[in-house]
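Visitor: One structure follows; several queries about it will come next.
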Amino acid sequence: MIKLFDKPSKELSVNPDDQKATEINLIQGKRPYMRAFHFSWLSFNIAFTGWFAIAPLLPYIKEDLKLTPEQAEDGNIVNVASAVFFRFLVGPLCDRFGPKRVMALLLILGSIPVGLSALVRTPVGLIVVRFFIGILGATFVPCQFWTTQMFGKNIVGSANAIVGGWGNMGAGITTIFLALIAAGFHSAGLSSSLSWRVSLVIPAVLCFTVGLCDYFFTDDCPQGDWFKRDLSPKQTAEIHIANNEKKPNTDDANKVVTDTDSEKNVPAPTVPKRDLKTFLLALKDPNVILLMIMYSCCFGVELAVDGALTLFFYEQKKFNLSKKDAGLIASLFGLMNLFSRATGGFLSDFANEKMGIRGRLLVQFIIFFLEGLFLFIFPYTLNSLAEAIVILILFSYFTQAGCGTSFGIVPFVNPELMGVISGLVGGGGSIGGAVFAAVFKKFPASSTPFTILGIVVMVVSFTSFLLKIEGRRLLEFRKK
């Protein structure tokens, strides 16, 4: 249950078996549950202000550094692609050290290249610094890992979706405010070159500050510090089994469970030894591969569009938009995260209550198909700015809701490998972002990439029928 106006002092309901909260009180900030909840989305949001700080400033930077369209897109690709490596690395680190330490480290390290980007003088220097800024993209993994530690199965889809969506909203906030801040500095008398450089100091300071707050004022899990949490005898036995398996038993992994059984809370992810073998074990699961592909077609699309949309609208001469207006329209895409990703999680949880895990799979298919459909329609609306904005809002909603439905499924693939699987699926999103950013580079200032993305996403939506989670598929044929 999600509560909007309950008393902030009221304690949350907790499952005694795993000590996870079974409800969310959005106006509460008490430790450990809601403090972790709010710092999870805030940290990811602030990370986005650094990760995508350069995108809304590209109209200024392009003129200052004499960037070609190809060089501008190369920077977008590198910025997203580097996050792939960091996300794969961060998953096991969350399992080993807990989410708050990893989140704090990523924000503090990421603040350094964001600040240094203000000193860039060449196109090559910009690309290099954007590679290292990509470390901030890895904050998504501890963001989702954190709430998965704190909230039970009945609410974890909604919790993951809300923090992910409110975090992603940082892209829209950044697009609005950095463009306005740079314009304000320029109006105050600073040169165009100095305006965008000074603007970049703000996200660097924010990342560093929130990173420190994560470390000193939050908890990793219901028991507090990651290294002081309790492991029950049952969980310890499960760890021992996981560590000593020679190979995965797919029959047991895909064992059919009833919808009633699937309503039980997932056991708290524990910490078996993390090595290459464990990583490959997760990667061998076809469900993980399918979710990586699907996440590449929602979060990957979001990353590519976030990086390209401001320049796309600015260079549509028929609209005759200023740099500021192009940035404001582009910001609508990111700002939809205020509720779009969260509603994806709500729908996933609601469908789970009605149909069990198969409900989550059904919602996944519907959301992805509609995302692809509206992406495909978007190029046909560009003769009217009003129509283009309406369809932009629609494909934005379904793109981000797809992120919520995807991470409504991830916690149930293999709870013992939650960190690794989160990192892999999140990495899939970054891979998709890099691939789709390359499509935008191939067709600069063109609507063709939206057509291509729409077709790809509609095709990928049908992979929902291939997922087998907790022994159930979306379509099941009973043997006579």
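Placement of Cβ uses the backbone N, Cα and C atoms for every residue, glycine included.
This is the feature table in TrEMBL:
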type     : residues : note
COMPBIAS : 243-254  : compositional bias 'Basic and acidic residues'
DOMAIN   : 36-472   : domain 'Major facilitator superfamily (MFS) profile'
REGION   : 243-267  : region 'Disordered'
TRANSMEM : 39-61    : transmembrane segment
TRANSMEM : 102-120  : transmembrane segment
TRANSMEM : 127-147  : transmembrane segment
TRANSMEM : 167-186  : transmembrane segment
TRANSMEM : 198-217  : transmembrane segment
TRANSMEM : 288-314  : transmembrane segment
TRANSMEM : 361-382  : transmembrane segment
TRANSMEM : 388-410  : transmembrane segment
TRANSMEM : 417-438  : transmembrane segment
TRANSMEM : 450-469  : transmembrane segment
Visitor: Roughly where does the domain 'Major facilitator superfamily (MFS) profile' (36-472) sit in mean pLDDT, to the nearest integer?
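Guide: 86, rounded to a whole number.
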Visitor: Using a cut-off of under 8 Å between C-beta atoms, tell me which stretch among 127-147, 167-186, 198-217, 361-382, 388-410 contacts the transmembrane segment (288-314) the most.
Guide: 388-410
Visitor: Pairs 6 or more apart in sequence, C-beta under 8 angstroms, 3 or more of them: is that satisfied by the transmembrane segment (198-217) and the transmembrane segment (167-186)?
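Guide: Checked: the transmembrane segment (198-217) vs the transmembrane segment (167-186), in contact.
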Visitor: I need to check the long-range neighbours of the transmembrane segment (417-438): which residues 6 or more away from its ends have a CB within less than 8 Å of a CB in the stretch?
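Guide: Distal contacts: 73, 76-77, 80-81, 83-84, 87-95, 137-138, 140-141, 144-145, 148, 269, 274, 278-279, 281-283, 285, 288, 291-305, 307-308, 403, 406-407, 410-411, 449, 453.
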Visitor: Quickly jot the same-chain residues contacting the transmembrane segment (39-61) by Cβ under 8 Å, restricted to those at least six beyond its ends, or write none.
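Guide: For the transmembrane segment (39-61), the list is 67, 72, 75-76, 79, 83, 99-100, 103, 106-107, 110-111, 114, 117, 126, 130, 133-134, 136-137, 139-140, 142-143, 146-147, 162-171, 173-176, 178-179, 182, 192-193, 195-196, 199-200, 202-204, 206-207, 210-211, 213-214, 217-218, 306-307, 310-311, 314, 323, 326-327, 330-331, 334.
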Visitor: Please report, as numbers and ranges, the same-chain residues at least 6 past the borders of the transmembrane segment (167-186) whose CB is under 8 Å from any CB of it.
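Guide: That would be 40-49, 52-53, 55-57, 60, 139-140, 143, 192, 194-196, 198-199, 202-203, 302, 306, 310, 323-324, 327-328, 330-338, 341, 400, 403.
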